[in-house]
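A.B. asks: As listed in TrEMBL for this protein:
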type    : residues                                                     : note
BINDING : G10, A11, G12, K13, G14, T15, R127, T136, Y137, K199         : ATP binding site
REGION  : 30-59                                                        : region 'NMP'
BINDING : T31, R36, Q57, L58, V59, G85, F86, P87, R88, Q92, R160, R171 : AMP binding site
REGION  : 126-163                                                      : region 'LID'
DOMAIN  : 127-162                                                      : domain 'Adenylate kinase active site lid'
BINDING : C130, C133, C150, C153                                       : Zn(2+) binding site
Amino acid sequence: MKIIMLGAPGAGKGTQAKMIAEKYGIPHVSTGDIFRANIKNGTELGMEAKKYMDQGQLVPDELTVKILLDRVAQDDCKNGYVLDGFPRTIPQAEVLDKALTELGDAIDFAIDVNVPDENIVKRMSGRRACLSCGATYHIEHIPPKKEGICDKCGQELVLRDDDKPETVLNRLKVYHDQTQPLIDFYTKKNVLKTVDGTKDMKEVFADIVAILG
Ligand code: AP5
Ligand code: ZN
């Protein structure tokens, strides 16, 4: 099963994608996580991506597309994957579509996790992330067992550089300008499904499972 998660920054794409990956036994592929791992390791790619991410801008398509196509060509993606944060522009969606068509394949579901802008800024300022293992928490909704410490790997949790309110507003603008047109793109392909992302995360997941089967 090949699934794409759509939705504004902070809508809960990552939270749901991890749960889908676990239930259906497919890898969770997040371009944001790949970039953050590269930043943490000080790679050239990471240094280039950071310039854009810190401003809330998108990393250029040329860089992003190659990384994604390399990742989904790996063995563990043979039986499907859940993409989180890709595609984010029409050109990215077209490249993915072409690559899949050449393999006689296609996306099965594009799930739009719908959350109004008003809720987003609040969610982001409460998010805490583990830069070691990629786990995310929320200080009110999904707190770690021990304050400031990752349940999974014991490392320190941080507020992501791009979760500061002014950067979040910029990310929302970029989302509406460049990513929202994908809703139309996948509607036309008859694979778009919308879920209400303002519900509790377990209820959102139940709605997604009802769609995926
Ligand atoms: P990326 O990492 O993809 O960030 P994003 O899309 O902005 O999404 P987030 O990770 O911020 O949010 P999410 O929807 O996954 O929400 P989460 O589950 O964490 O990208 C970061 C940057 O990298 C981009 O700005 C760009 O620069 C670059 N980039 C990445 N991909 C790219 C691409 N393809 N092209 C170009 N550039 C790219 O949830 C948010 C919070 O809410 C958490 O605290 C969570 O615990 C909480 N929460 C989740 N669900 C619920 C719920 N139902 N109720 C209450 N709280 C909830
Ligand atoms: Zn961790």
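Here the Cβ of each residue, glycine as well, is placed from N, Cα and C on the backbone.
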A.B. asks: Run through the domain 'Adenylate kinase active site lid' (127-162) and tell me, per DSSP, how many residues are helix, strand and coil.
C.D. replies: 2 helix, 12 strand, 22 coil
A.B. asks: Using Cβ atoms only, which residues of the same chain lie under 8 Å from Q57 (AMP binding site) while being at least 6 residues apart in sequence?
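C.D. replies: Q57 (AMP binding site) has long-range Cβ partners N170, V174.
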A.B. asks: Pop the Cα-Cα gap between V59 (AMP binding site) and G12 (ATP binding site) into the table, whole Å please.
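C.D. replies: Rounded to the nearest whole number, the Cα-Cα distance is 21 Å.
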A.B. asks: Could you check the binding-site residues R88, R127, R160 and say which one's CB has the fewest neighbouring CB atoms inside 10 Å?
C.D. replies: R160
A.B. asks: Work out how many Å separate F86 (AMP binding site) and C153 (Zn(2+) binding site) at their Cα atoms, rounded off.
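C.D. replies: About 26 Å separates the two Cα atoms.
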A.B. asks: Counting distance between Cα atoms, which of the binding-site residues G10, G14, C153 is nearest R160 (AMP binding site)?
C.D. replies: G10
A.B. asks: Cα-Cα separation of C153 (Zn(2+) binding site) and V59 (AMP binding site), in Å?
C.D. replies: 28
A.B. asks: Using a 10 Å cut-off, grab the number of neighbouring Cβ atoms around the Cβ of G12 (ATP binding site), all chains included.
C.D. replies: 25
A.B. asks: Consider only the binding-site residues G14, T31, V59, R88, C153, R160: which of them have a Cβ under 6 Å from an atom of ligand 1? Write none if no residue does.
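C.D. replies: Among G14, T31, V59, R88, C153, R160, near ligand 1: G14, T31, V59, R88.
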A.B. asks: Measuring Cα to Cα, how many angstrom lie between R88 (AMP binding site) and G14 (ATP binding site)?
C.D. replies: 14
A.B. asks: What does DSSP say about F86 (AMP binding site): helix, strand or coil?
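C.D. replies: The residue in question, F86 (AMP binding site), is coil (DSSP, three-state).
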A.B. asks: When the Cβ positions of the binding-site residues G12, T31, Q57, V59, R88, R160 are compared with the atoms of ligand 2, which fall under 6 Å?
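C.D. replies: The ones that qualify number zero, so the answer is none.
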